[in-house]
Amino acid sequence: MEFVSILGGYFSSITLCFAFGWLSYWFFRKFTAKLQSRIGPPWYQPIADVIKLMGKEFFVPGLANRLVYIVAPFVGLSVIMVLSFIIPPGVADWIGSYSWDLLVILYLSVLSSIVLVIAGAASASTWGKIGASRETAMILSVELPLIISLLVPSIALRGTTFPSLSLNDIIKNQITGSFFGLPNWFIFRYPLAAIAMLACITTKIGVKPFGDIPEAEQEIIAGPLTEYGGPLLGIFEITKIMKFYVFSALFVDLYLGGGDLFPFPLNVISFLIKCFVIIVVITILDTISARYRITDLPKWYLSACLVLALVDLIRASLGGM
Amino acid sequence: MIDPAYLVIALVVAAFISLLSRVNRRIGDIIGTISVLFVLCSVIANMISPFTGRSLLDEIGFHFVVNGYTSFLAFVVALIGLMVILFSISYIEKNVSRYYFFTLITIAGLMGMSYSWNLIWLYILAEICTICSAPLIAHYMDSKSIEGAIKYLIIQIFATAFILAGIGIIYLQISHSGYSGISSLDIDFLASSRAISGTLGELGIILIFIGFAAKFPLFPIHIWLPDASTVAPATISSLLHTMMIKIAGIPAFFILFELTYVFRNPVLLWLIFCVLGVITMFVCVTLAFAQKDLKRLLAYHSVSQVGYVVVGLGIGGLGMAYFYQTGDYLWLGVASGGMVAGLFHLINHTIFKSLLFFGAGAIEYKTHTKDISKMDSLLRAMPLTGIAMLVGSLSIAGVPLFNGFNSKWMIYNSCIAAGMPIVAAIAVLACALTLASFLKLICSAFLGGSKQEKIGDPPIPMQIPLIILSILCIIFGLSPQIAVKYLLYPATLALIPKAVLPKIDPYSSLLRMFGGVWDVYWMVTLIVIGLFIGYLIYRASPKISVTITDEKLAPFTGGALKQPYLRIEETNVHPFAFEYPFRSFLDILKRVHTGVVNLYVSWIAAFVIFLIVAVLAGWI
């Protein structure tokens, strides 16, 4: 019986993730276009792209490693699906959440980047390799600020005994109480770590200022995915669409209080509105920023971002000073 | 239930019989395999029903103790020993009799070390292992390998001399208390009689710690390992990296743990232990990042991975120290969690590092190179070796569903539970660096893109260990509960003092307090379902015939590059951007790793002086 409900939760969260990701990806492109005084695509554009790719010819470059080349996109997709299930849609006691799940989330999100690295290297293309190299640099730079800003809320939860690494506890802690008249969200209590986390998720989703460095079309065609085409590229496209939901949901659960104290359908809606706000912020960031060089990526993330996150980690360890 | 003495004796006898392989090398192959297989079976038998009687070798003071902890160590020795012997059957071609003799004696010594709880015998067996592995490092007998062996001997013997000094000091103290004889140096006797005390006792234990810490290559004493293992045959590198540094080094932890009562400030002692682990982890992974030689890269990584083991075990000790200070049973949960994590990483590292070294050996056997930038498309050229190395790389990099992830996850959890999130963050960064350097290896050596003829896999005796170890990696990755239940939980129970045991069940407290082990089953189910959905989406596309493009069609590079498929240096598959901010740090590290033995010995001396000052000043 439990298995059935887990399965039901899994499929519904995949559906939610895909639907929300689709709309937010469309919004991302449309809003960017409006900001740049263009018309922009119609609402069905993301799914139309995927369907078009699905109808294309399937090919493997002759020198590519065939097995890895074909399997990599599926692994990436399934990792994102599992992530969409583990991260609760703003609901406390969500069926997919699980004690000590923050580190699993961190690792699965790294795995989704590793898939790109391995796919790029397996495609036997120079551009793929350069893209893979840049993706690796990105993993290295983002990992440390990301783990610290993930840990800040869990350290802040530490009452008398031990910290908790469960998203569930973090949501529950935020939906009760208040902080100087404001809601008891961690973004108000630990704003610096929230900024670091926002910077990290833009990179994880793959939008500017730093996220598109591995796929810089002006320099290296399409980075790791240069050789990909047809259905396999379609799978990668779906993964990208779903990433829009997964990482903004993670931010909302950690720092924006999930879905608040509303009853069932309302809390998910409130959660999705918050996610949408994150998407708006990300879109604006993407539009107003120029491309950066690859050397800027570790420089910014391992200095500014890391310091922001560390300051709040120290504050959290000292009990919210 | 078998007397552990027979295991040691069987291995020694087998070593002498294997000298006959000068006549026919098959004698050495067969007797080596049979003896180690016998030892493995006996160890497993001892795990099921422990030997309780008085051992044969106790007459001369070995003091063999059979419990969960010692059986765990013996299991590691026997498992990897069997793999080493199997791999040697076709890997070693020259000087077979000498090779088997010294290998079997080393395994016998390690087997004795894992069961023995007597200080003086631990010292003697450690020296036997050290001296017997020197001719193995110099196996090829060229100038480089002899240099490596001599370096190894100098540093090891310099460091182990401190063990003897420490034992001298302790024996002086206990003889003042009226105890004498070799059995007064049994570790459990020292722990229960509380005969050691004062600054002098602390000094003695710290000196013993330093001696064993040189085997367990903690940060300032790690320098011998990469030099020694680069020149040795792959089997011996594996022996050194997985068994010498773990089994011969773990008394450094164990003696500190059992004799913590001597110290006035045990919390600080264990904090120093953890900090040494963290420094080891981070510095050595940074060094590994800059390597091009495959074996040297693996060597630096194993020092770095030992850092994880040390952090886990250190949290075990720290939790116990806090427990004695506060009397709060929650700390006992942290302690058992840390110990389980450390020991789990120990066995996981043993498995995947031997797998990687065997893979490197197989590559060297077929292609005669150790230089990563000369390897290409190995996954296509040597499929089985390639897949095995891929599994090993993903395991060491801590990718979920492989064994490295489970133990690293438990280590992060215990760091956070012990209130050290910064340590967890550094450990995650070190893990990311490990991942990056193995992605570099996978991308350039295994995936590659050039057309290469099919080299083929090594002979079957070399394939068997690769297959077995890969399967173990995946089993412990998919189902850590097996390892925790049958290996680690008994080992941890044997370490926690009997007095507190009846009051608490560490396993349930572990699970409750601490997240316990990662419940992988439903995660695997979800991932499989995800893969299936992806496959369905892919099947839904109308054209699914696979076209493989002509191999002549290289990607269009606009004439910018002469050769479309570039080597590792030119494409910068290593994240050069990351090296840039760390270049000054790397330069400092390069300057102190000169390869000159005098410098290394003075490092050790400086470390010893630091610890002695710390003891005399009353800090710990």
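All positions are counted from 1 along the displayed chain.
Every residue, even glycine, has its Cβ placed from backbone N, Cα and C.
Database features, via TrEMBL:
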type     : residues  : note
TRANSMEM : A:6-28    : transmembrane segment
TRANSMEM : A:67-87   : transmembrane segment
TRANSMEM : A:102-124 : transmembrane segment
TRANSMEM : A:136-157 : transmembrane segment
TRANSMEM : A:187-207 : transmembrane segment
TRANSMEM : A:268-288 : transmembrane segment
TRANSMEM : A:300-318 : transmembrane segment
Key: Leading stretch by Cβ pairs under 8 Å, where the reference is the transmembrane segment (A:136-157) and the options are A:6-28, A:67-87, A:102-124   = A:102-124
Query = Between A:6-28, A:67-87, A:268-288, A:300-318, who has the most Cβ pairs under 8 Å to the transmembrane segment (A:187-207)?
reply = A:300-318
Ask   = Looking only at residues six or more beyond either end of the transmembrane segment (A:6-28), which have a C-beta under 8 A from one in the stretch?
value = 41, 43-47, 80-81, 84-85, 89, 94-96, 207, 238, 240-246, 248, 272, 275-276, 279-280, 282-283, 286
Task = Could you pull out which residues elsewhere in the chain have a CB under 8 Å from any CB of the transmembrane segment (A:300-318), counting only those six or more residues past its ends?
result = 141-142, 144-145, 148-149, 151-153, 155-156, 190-193, 195-197, 199-200, 203, 210, 292
Ask   = Apart from its near flanks, which chain residues at least 6 from the ends of the transmembrane segment (A:67-87) lie with a Cβ under 8 angstroms of it?
value = 9-10, 13-14, 16-17, 60-61, 96-98, 101, 104-105, 108-109, 111-112, 115-116, 118-119, 122-123, 167, 227-228, 232-233, 235-236, 238-239, 242-243, 245-246, 249-250, 253
